[in-house]
């Protein structure tokens, strides 16, 4: 055992030494600029030339200079201030020491030659001043010679440099190698990522599959003894954001193998043959560092199905890359510890040869998480965040069906941003609710001014959706209803979807009814319709088409699938023109029938719809519980009063006060109920019986409107008068009877209004 450990340690040290040398060479090639040596050589030549030609100018550049007039210059010469005068270009220059500093006096000549200026010549002769004539600026003949030969020198140096790089390019690639296109740009992860399998939640099935891959790399003997062969490739499938790349990072973090990461788009370049060369280079590096894992993200970039036909030549380069990948994966030996891990969300476009057994033996589907998976993901992403006590991640998971891991991480991040906007580091439940609405529907526009007519229309529209959601069997319950504009929507009704593996026919028809609820409510309540139902009608038509064309639930056409083929190269229609016409007629029939059923349901429950509209206009946002309370018979005014009492109690800041207030409200309601029961048992008035009957007719108890006859009301009125004669000696009974009469009159009026609305309503022309 000890010898075996020593051999493993020695082998591991040898691998580390090779990796270190390879890394150092790559760093040297990356840090060294391709033109660094040549540019340094040119820089030295230019610096020497500049110093040689302009050393006098450099010396005089830092001296103090004073330009004086020609007359003053002659005067100073006559006075003997100048001991030496230099003639250069068109200037006369003289250097004088003043107060310990060298001062340079100069003036322009008035003639081309200083010998033609008698004043200067006379002054120089009197004071015996030395006169010098300097070379013109610019270097003269040497600079002219250098200007002719310097370009040739530069060209020769560049050719020598490129020749050396060509020799080096045939031996290896890198940033400085002009022939390094064939080298793969793989990123070898030497430092293990911090991501572990415990950091990946909601995809337990996929984790178990990948744990076996990691275990094989750690304990290969356990599998080889049983005659098992390691999967040569593992393909991660799933919609975007489900955690495929995160699972690959977890594999890299858990396994002790070398991990190579590359994207599918990095194989193909502008030169022919580069992709295949990079595939070969990638697998060579992986074999040198085995046991190893190659992770190819977005493999559909190179693994797309090979085309056939005359126009297939445009994809030759990509197909060569794919062919080389197929050869490399099929060329593994059984004892080679190299596993290919790939991820894609487009399995349908992959080439069948890539998916066959022996290449990608195992396919791991990473689905969207269920309820428990979403709860686990939320817990993982909330580890580094402070959550308030009122936060319930289970409730957030319930209202986010279909959210994947990336969506849930973004949700918590948006909630944290909203908390920071409040200058707080604690996330509240309100922040999470706002984040859900923001991600699902867009940014809220609470400050937007809406006209009263539009606000009323929005209230009817959303109330229609809510009522139909609660009263339609098979529909999901309501979670929230709002008329606050958000994104492109003026308002929305958020359902609380249940986890479903399959969808029944009744559920699909229920979805159509719910979608039509908004338009039907507008048509009945406002006797007009708006463009707000555009998306609802579009979605309802899509559901109806799937009902007939895809899942074969139409009774007329039967269980037949009429969808077009997914093959992009198939142009043969799969149904006749007559069948297309029958499909369109069946879709229209379904939509018309469900719209008619929606109109009937809203007419029969119009009082409940009006109560929801009233509550929406006053609160703008209501919960699903409040909608269900209205359907159960509670009034909008009672709900508003209860909300106001609760808000006042919360503002006092005492939990005890809140509890006492709620208890007192409950006790008062219980007392009223007891008193009503005693009153009912003692008096048994026919008037109260009439009130109960009217409440049942108007739908306050959740029942459906039943047709009523005028004689029933006359009979109840006679019984009411008789009851008044029997109880005329009791003041309390008279008062209660009076209240009952008022209530009956109001209920009677509402019932008459409802019947009048039903009698006056006209069906749309397309339904007549």
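Every residue, even glycine, has its Cβ placed from backbone N, Cα and C.
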Zn(2+) site partner of 461, 465 (as recorded in Swiss-Prot), chosen from 390, 395, 528, 536: 536
Annotated transmembrane segment segment (source Swiss-Prot; candidates 13-33, 34-54): 34-54
Among ranges 98-118, 119-139, 140-160, whichever one Swiss-Prot labels transmembrane segment: 140-160
Which listed residue (238, 240, 241, 243) has most other Cβ within 10 Å, given these are binding-site residues: 243
Cβ packing number for residue 242 (ATP binding site), 10 Å threshold: 25
Residue among recorded positions 462, 536 with least C-beta crowding, 10 angstrom cut-off: 536
Residue from 461, 462, 465, 536 whose C-alpha is spatially nearest that of residue 244 (ATP binding site), among the recorded positions: 536
Output field, Zn(2+) shell: CB within 8 Å of site CB centroid, site 461, 465, 536 dropped: 462, 464, 493, 515, 516, 517, 518, 519, 521, 532, 533
Between residue 461 (Zn(2+) binding site) and residue 241 (ATP binding site), the C-alpha gap once rounded to whole angstrom: 34
Other C-beta atoms that fall within 10 angstroms of the C-beta of residue 244 (ATP binding site): 26
Shortest C-alpha distance to residue 239 (ATP binding site) - which of the recorded positions 462, 465, 536: 536
